[in-house]
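*Asks:* Sharing a structure with you now.
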């Protein structure tokens with residue numbers, strides 16, 4: 001009985017133990033699914049960072065779980081070793097890629113709250129890529145993509161070109177490769193040349209672009225460099241002064257000044273030539289003029305008589321003829337110089353001279369008629385000589401009419417525009433015999449035809465002279481342009497030569513550095529110094545090549561301009577030769 005009682009007393013104890021074990025197993029089974037349900041969550045969009053900055057790669061557990069005592073791995077599959085950071089049992093292990101030493105860390109205080117984000121310091125271009133956040137105890141992971149960018153402000157320079165103002169924009173240290181745009185003051189995109197892109201040894205991009213603008217684009221311009229992936233934009237504004245456009249070679253504002261200066265010089269030279277010819281002709285014909293005056297005086301002496309009426313006619317003839325002859329000679333002598341005078345001034349002088357001639361002729365005629373009419377009245381008191389006096393009076397009137405008709409013919413032949421140096425009225429007359437001959441010649445039209453021919457030749461010669469001077473001015477202008485372009489071409493050739501010499505020097509230095517670099521590598525020494533020197537030399541070489549390319553482009557433009565202006569010069573030279581031939585033909589016809 002006792003034994004049975006003892007056995008019965010142990011049964012409740014074993015039943016309680018079994019119950020406790022059962023509950024423990026159930027609790028553990030229920031707890032394990034809770035752990036499995038935790039997820040590793042990361043960002044859905046790439047993380048963008050700038051070179052040199054610090055960046056956080058987000059990663060956390062959901063629901064929140066204390067992961068301080070567990071293992072956390074941050075790694076990049078494309079590296080070897082792959083680990084960027086390794087956390088195990090509350091400690092950060094040193095097992096990581098060499099490029100990340102001292103630059104990665106976790107927020108240890110946040111691990112208890114399930115935050116396993118990675119902090120990456122001093123971001124580099126090489127840090128760009130995909131990172132895996134992995135928790136081995138949960139067999140869960142998340143991927144975070146890091147995009148690295150680099151930016152810099154553009155630099156804008158302004159220069160003058162044959163076709164306009166050239167704006168050069170350059171920006172160094174970009175990643176990824178950016179785009180370049182030119183904008184005017186109103187925000188309109190300008191048409192520019194292709195963007196030049198150079199990638200350096202540090203994987204950073206240098207971009208440059210240039211655009212040619214003129215005054216119609218305004219004075220405000222903007223160079224914009226932007227990278228859409230990293231959502232970064234940099235701009236530089238520049239103001240081009242208005243006078244910078246006006247100083248361009250061949251611009252519209254400078255052309256009037258140049259043309260005005262050339263015309264002024266040509267006018268001075270033409271004036272000096274006219275004065276020289278006028279003095280030469282005046283001196284040459286001075287003696288001839290005196291001889292003709294003496295001859296006229298001899299002719300007048302033969303017509304002197306005691307008749308007062310004849311003396312009056314002779315005085316009128318003398319008053320009219322001498323100034324007319326003197327003015328006629330001066331007009332002939334100065335005909336070559338008068339060709340260069342303006343047409344308006346010539347018309348005014350002609351009108352004045354015609355008015356003076358008409359007044360003097362009318363005055364002389366009134367005087368002769370008055371004296372003639374007075375004579376018969378006085379002679380009526382003399383009966384014996386009445387008939388003879390009437391005949392003499394009639395003869396005088398006939399002679400007076402003849403003189404006036406001869407004067408009219410002579411005025412037509414001399415252009416009705418003669419005037420003396422002292423401003424006296426000019427009237428011309430001649431003796432009865434010469435006037436009669438002129439009247440006969442005018443009736444047959446010989447003198448009129450000769451005058452018309454001379455006028456036509458003179459007009460044609462004047463037009464050819466003006467055209468020749470115009471072409472000579474054009475020729476001189478083209479010669480000056482060619483001289484200027486040749487000088488510019490020589491300057492560019494010299495600059496290109498200097499750049500080539502510098503390029504050869506840099507090339508030799510670069511070869512020397514490469515040899516030293518290989519030697520240092522063989523000795524397993526630190527090559528950081530040679531690498532820096534090599535990078536500097538390569539950058540300098542690229543800049544020299546860029547400058548040489550720019551200079552050669554400018555040189556080609558100048559050569560094209562020289563060719564174009566030379567063709568224009570040859571064309572004008574041919575036209576001048578044709579004008580000279582036509583002028584010689586006109587001279588022969590005049591002779």
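Just so you know, glycine gets a Cβ as well, placed from its N, Cα and C.
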*Asks:* Out of 259-283, 284-308, let me know the one TrEMBL marks region 'Disordered'.
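*Replies:* Per TrEMBL, the stretch marked region 'Disordered' is 284-308.
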*Asks:* In TrEMBL, which of 175-226, 487-538 is tagged region 'Disordered'?
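*Replies:* The listed stretch tagged region 'Disordered' in TrEMBL is 487-538.
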*Asks:* State the residue range annotated as transmembrane segment by TrEMBL; the candidates are 145-166, 233-254, 255-276.
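*Replies:* So the range that TrEMBL calls transmembrane segment is 255-276.
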*Asks:* Per DSSP, what is the residue tally for the domain 'Ig-like' (33-145) in helix, strand and coil?
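*Replies:* When I sort the residues of the domain 'Ig-like' (33-145) into the three classes, I find 16 helix, 46 strand, 51 coil.
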*Asks:* Which whole-number mean pLDDT does the model give the domain 'Ig-like' (154-239)?
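*Replies:* Overall, the domain 'Ig-like' (154-239) comes to a mean pLDDT of 90.
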*Asks:* Give residue numbers and ranges for long-range contacts of the compositional bias 'Basic and acidic residues' (460-473): same chain, 6 or more residues beyond its ends, CB-CB under 8 A.
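*Replies:* Same-chain contacts beyond the ends: 262-263, 266, 270, 339-340, 572, 575-576, 579-580, 582-583, 586-587, 590.
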*Asks:* With DSSP helix as H/G/I and strand as E/B, how many residues of the domain 'Ig-like' (154-239) fall in helix, strand and coil?
*Replies:* 3 helix, 53 strand, 30 coil
*Asks:* Provide the three-state DSSP residue tally for the compositional bias 'Basic and acidic residues' (460-473): helix first, then strand, then coil.
*Replies:* 14 helix, 0 strand, 0 coil
